[in-house]
Amino acid sequence: MQYLPIFTKLDNKPVLVVGGGDVALRKCSALLKARASITLVAPKFCQQLIELASENKVTLIHEYFSEQHLKNMMLVIAATDLEHVNSQVFELANAHNIFVNVVDDQPKCTFIFPSIVDRNPITIAISSAGTAPVLARRLREKLETLIPQHIGPLATLVGGFRSKVKQRFKHFADRRQFWEGVFDSSVVSKVQTGDTQAAEQQLEHMLNAKAEPEGEVYVVGAGPGDPELLTLKALQLMQQADVVVYDYLVSDEIMELVRRDADLICVGKRLGDHSVAQQDTNQMLVDLAKQGKKVCRIKGGDPFIYGRGGEEVQVLAANKVNYQIVPGITAAAGCSAYAGIPLTHRDHAQAIQFVTGHCKKDGQELDWQSLAKPNQTLAIYMGVIKSPHIQAELLKHGRNANTPVAIIENGTRKNQRVITGKLGELADLITRNSVVSPALLIIGEVASLHQELHWFGAKAQTSSFAQPLTDVA
């Protein structure tokens, strides 16, 4: 280990920065976060540093560097583009036993700046000992995606309870067990959702009584299939869950990202094949949460867009089960983007309607008159089986038979397939190409842009019709 990682409290401590340009400005930004007392010395300064001085955030000395500037300094940073000046700063600081950093010159550093993940008061520092700063930055970027923003407020909250916990539990092992229970409880999720008052109340309760484990359900949208389209929050909750309840629409690649030791429960959901009835799924979520489990109810797309997430959350709320809702990229947005089809376009579509082809058996019929209007895009979920009916009703209510359509099968996934054609042949396209779910139907002029804007996967299989279809509008 070339450098000992330590954290230094610089609050009002004197720090010298030699230099007056952009590099010096960057170093000042980090030092100001630590509330250091910063003095800069240089013959001239950039405008941003002059503005900081006018706000009394830094002190500027318009002089060339000399040994006298080192007096009483705790740290020194050389941030000039003059090698001989940087060397002079290093040698004199070393002679006075002052820690010194020469920017981008690792051999002339007795301390270095790490890459930082800041979740105040939690701070994570990553260093390559000056050998590969770009690699250290990339590691920081990875950690930024994995460490949620609420970690900082959580640390602040529990920090306020440390003395109470020490009074309550005299032995270290007991205190450690208590804190493990806190971080496994819904105190964390309450902070995450911004309800710090409820989190504090629960902490007080846990401190004064032996609380039963409190379960919670995360209703998570997994997006259309590509695991890189998951939100950070979805990934974090997937990796916290004790139990994962999922549908067939959730891709295998996404399921690979759940916590390794979590129990996996598949509840089906294909047309005509509901391996678990919806009401049974609802009750299962309640029962698991009442057992103190953290349950991730993961759904393809967005849970509140044709995912029956609203029904499940209603049951959770009625049973007073804690829950969180994590939106996902809905199929219409994700699949159309991966097919190079903008859902709206100034020249083609000023409106969009999301439609399901799988309504309740006794449900109200769709407003076909509205759906058949021109200059709009229809994004139809679960419409493969009902495509003959969809086609017939749109034509019957005046939509042009030559209206472009696109069928996106397994959108955003490695096996994505796009089939394009005209509304008048929609059902035939699906039959001839043996389209299977999950598939999204896009109906509207924007579907014609696929060939021009294609970027992912194979280009569309186009209609075999050489001539435009007869306008039956």
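Count begins at 1; order follows the chain as displayed.
Each residue, glycine too, has its Cβ placed from N, Cα and C.
Lifted from Swiss-Prot, the feature list:
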type	residues	note
REGION	1-203	region 'Precorrin-2 dehydrogenase /sirohydrochlorin ferrochelatase'
BINDING	ASP22, VAL23, PRO43, LYS44	NAD(+) binding site
MOD_RES	SER128	phosphoserine
REGION	215-473	region 'Uroporphyrinogen-III C-methyltransferase'
BINDING	PRO224, GLY300, GLY301, ASP302, ILE305, THR330, ALA331, MET382, GLY411	S-adenosyl-L-methionine binding site
ACT_SITE	ASP247	active site, proton acceptor
ACT_SITE	LYS269	active site, proton donor
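Mapped onto this structure are the features recorded in Swiss-Prot.
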residue	record	CB count, 10 Å
ASP22	NAD(+) binding site	13
VAL23	NAD(+) binding site	18
PRO43	NAD(+) binding site	10
LYS44	NAD(+) binding site	10
SER128	phosphoserine	18
PRO224	S-adenosyl-L-methionine binding site	30
ASP247	active site, proton acceptor	22
GLY301	S-adenosyl-L-methionine binding site	30
ILE305	S-adenosyl-L-methionine binding site	20
GLY411	S-adenosyl-L-methionine binding site	26
ALA331 (S-adenosyl-L-methionine binding site) to the residue listed as 'active site, proton acceptor' - Cα separation in whole Å: 15
Beyond the site residues ASP22, VAL23, PRO43, LYS44: chain residues whose C-beta lies within 8 Å of the centroid, for NAD(+): GLY19, GLY20, GLY21, ALA24, ALA42, PHE45, CYS46, LEU49, ALA79, THR80
Max pairwise CA distance, angstrom, over record-listed NAD(+) binders ASP22, VAL23, PRO43, LYS44: 15
Residue from ASP22, VAL23, PRO43, LYS44, ASP247 whose C-alpha is spatially nearest that of PRO224 (S-adenosyl-L-methionine binding site), among the recorded positions: ASP247
For ASP22 (NAD(+) binding site): DSSP state (helix, strand, coil): helix
Neighbour count (Cβ, 10 Å) for ALA331 (S-adenosyl-L-methionine binding site): 28
Local backbone state of ALA331 (S-adenosyl-L-methionine binding site), from DSSP in three classes: helix
Mean of pLDDT values spanning the region 'Precorrin-2 dehydrogenase /sirohydrochlorin ferrochelatase' (1-203): 93
Site extent for S-adenosyl-L-methionine (largest Cα pair distance over PRO224, GLY300, GLY301, ASP302, ILE305, THR330, ALA331, MET382, GLY411, Å): 16
Those recorded positions, out of VAL23, PRO43, LYS44, SER128, ILE305, that come within 10 angstroms of the residue listed as 'active site, proton acceptor' at the Cα: none
